[in-house]
Amino acid sequence: MAGSALRRLMAEYKQLTLNPPEGIIAGPINEENFFEWEALITGPEGTCFEGGIFPAKLVFPPDYPLSPPKMQFICEMFHPNIYADGRVCISILHAPGDDPMGYESSAERWSPVQSVEKILLSVVSMLAEPNDESGANVDAAKMWREDRDQFNKIAERLVRKTLGLPPP
Amino acid sequence: MPVTLVDRLPLPNLKVYTAGSVSLLSIAIYYALSATSDPNWRVNVTQGRQEGMAEPGDLEAQLVMTSPPVVAGNGTRNISDQFVDVMTFMMQEPLCVWTLINLAYCSLAVFGFGVQRLVFGQLRVAEAQRVKDKFWNYVFYKFIFVFGVINVQYMDEVLLWCSWFTLVGFLHLLGQLCKDRYEYLSSSPNTEGWVHVRLACLLGGILTAATALLGAAAAWGLPAGRDTFAFMAAECILVLVAVLHVVARYVLQLYECDVAGPVAYYTHLVFDSVSLVVELIHVLHMVVYSNMLVSMASLVLLMQLRHLLHELQARVRRHRLYTSLATHMSRNYPMASKEEVDKNQDNCAICWEPMKEARKLPCSHLFHNSCLCQWVQQDASCPTCRRGLAGAAPARPAPHAAPLPNHLFHFDGSRYVSWLPSFSVEVTRVRGELAPGPALDNTAQQLQHMFPQYSIATLTADLSRTASADLTLDNILEGRLVAAEPIPEPEPLPVQQQPTLLDVATSTIEPWTPPSSAYLLPTTSTAGTDTIERSNRGTGHSTVAPENLVEDDVSLGGFAPSAASRAAALARRKERLVAGARLRYLRRLPRAP
Ligand SMILES: [Zn+2]
Ligand SMILES: [Zn+2]
């Protein structure tokens, strides 16, 4: 089982290296273990996360692509759909069996035709447009709705932090 | 907690242990030599014994009668005689016997260490943890077996069982290591052939040794009774089955068997069920034999029995699901015709590999048969268009079980074996804490990728102090961690230069040009660029100039064939992305509110 997962991951790595989507880099942290990747995601332009380079870790199950990988930002994040520990909550990463939020139709959930590239692109659009329904971070969701200026300020600080710059 | 106690037990390392054992042995030999140098040592020893034991007097006389030859031959004793004397003495003296036993264990440990070094090299953290867990698990159950089931009365018996279990346990652990390593190797894309050769040799060695032990069980166990033989044989068979399973997986891989195909499936099924059934019978046998249904030992055994039954049940259920799915698929969805497969240019959307044969769903999407089978077990819909497959998947299996915890036995010791305070049944490890070792080094390397301005040594030092990647990350980001050593790699915008760079950014009023037209900073006009150049010269590095960043990006096409160069290219790309984003951010700053 692990063999087919590995071949598929290798193919994805190759594709992501040869035709990388703009502002996104992903690959295994160490090829000794092909099931743990690191991805760098550029904050989408025109949003409060613009310019930041957000590192995230992807952990693939042995039966990938039958089950989705797990994704976790390894930098500090403040976003309605990202848990405090960095785990990302988007429907595409949910296995067809589980439905913690109870709102997703199965069409939005994981399927083996999805890929790392599609996940990362979904995360970029999630950064641009938080999904109000899933409250992975309730504080962030509330601030996003009610105090956008404050939210932007926090995002700005996070962007600077990911770039290794001191807070403004 | 006893759990963490076992983990933190200050076990001596192998070197200390070996040195201690050898010196103990030399002391014992010296003692034996000096004791046997006295020609009448046999008499002395027997006399010494009898003072303690109040033996009948005539026996003493008898013993003294047997010693004269030694007394007479003293002057001309040659070395072999002396050696025989020393050995005889050591076998009689309890302290020396223990020293010899200790030496045997020490040799086994050294041998195991040698094998590990030769075949496995450095153990990975997960492997080491698994071996440790398995070891304590094994020790616990054998303790139960020796004192709870067999209920040994004499020291010799205990010693015999202990040495037997040491040998079998040693093979068990090696087998476990082989299995873990095989799984790891099969999931790594590129491994040299000789790694496999060495592993295969070890597998052969374990098989031979286990077969030999099985022979020994027949030779020595059978005379002692059928029960003893069954107990001994079951252990050997379990080792054999586990190792043969690894061998079978190798063979399957060698013949490039379809990993989801029926051959592989039935191979795994056979091995899984044989091992479960043997273990089940073994435990059942112990329960019946121990004959004390209410003792603590049988409670432990019953718990294990329940767990094994549960596993077997789950395996059977999985198998029934598999067969019903296979028949369902072949009945409802025809294989695609040759023309359809040829016409279809796309790869299988599940595994991304070309299709020579495919199954066709009603929505006319094509997939490999095995790929589709596996998917339908999880979700009865077409992976591409999500159209439901009417009446498919008889019963959805439980969503993928969470990975099993590290400890191997599902028995809550603190609840049941309060009479065994020194035994921690559940060996867990504290998560989230970085202990020194490969994990910490790995984290340090990751951090160093992100913050090239810090040296590995600095990061490792801070990591071992904080024992947490997050805390160290905070230290770095809040500027508490000082980059003590010179910057090891070209770093376009070292953090230390931020004040100047911020000044640059604010003084540069040009709008940001898209990357395609390069980062061309006017080299003479603004004072700011000079600052960059000066600071570069100051640190003595031929820094990657911003222009190069972009040019290299273009030349970075291609997917390197070797893992090392792929990793290097990936690291370079990441570095560039961050550096570019930093620069762009600083250029954008004046316009920001
Ligand atoms: Zn396929
Ligand atoms: Zn379809």
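Glycine is treated like the rest: Cβ placed from N, Cα and C.
Look at TrEMBL and you will find B:348-386 tagged as domain 'RING-type'. According to TrEMBL, the domain 'CUE' annotation covers B:439-481. Feature annotation from TrEMBL assigns transmembrane segment to B:16-33, B:97-115, B:135-152, B:158-178, B:199-222, B:228-251.
Only pairs six or more apart in sequence are counted, and the transmembrane segment (B:97-115) with the transmembrane segment (B:16-33) gives three or more Cβ pairs under 8 Å, enough to call it a contact. Residues 82, 86, 89-90, 93, 95-96, 99-100, 102-103, 106, 109-110 of the same chain sit 6 or more residues outside the transmembrane segment (B:16-33) yet have a Cβ under 8 Å from a Cβ within it.
Each residue of the domain 'RING-type' (B:348-386) gets a DSSP state, and the totals for helix, strand and coil are 10 helix, 5 strand, 24 coil. Panel annotation: around the transmembrane segment (B:228-251), residues 145, 150, 164-165, 168, 171-172, 175-176, 178-179, 182, 186, 196, 200, 203, 206-207, 210-211, 213-214, 216-218, 221-222, 267-268, 271, 274-275, 278-279, 281-282, 285-286 of the same chain, lying at least six beyond its termini, place a Cβ under 8 Å from a Cβ of the stretch.
For the domain 'RING-type' (B:348-386), the mean pLDDT of the prediction comes to 84.
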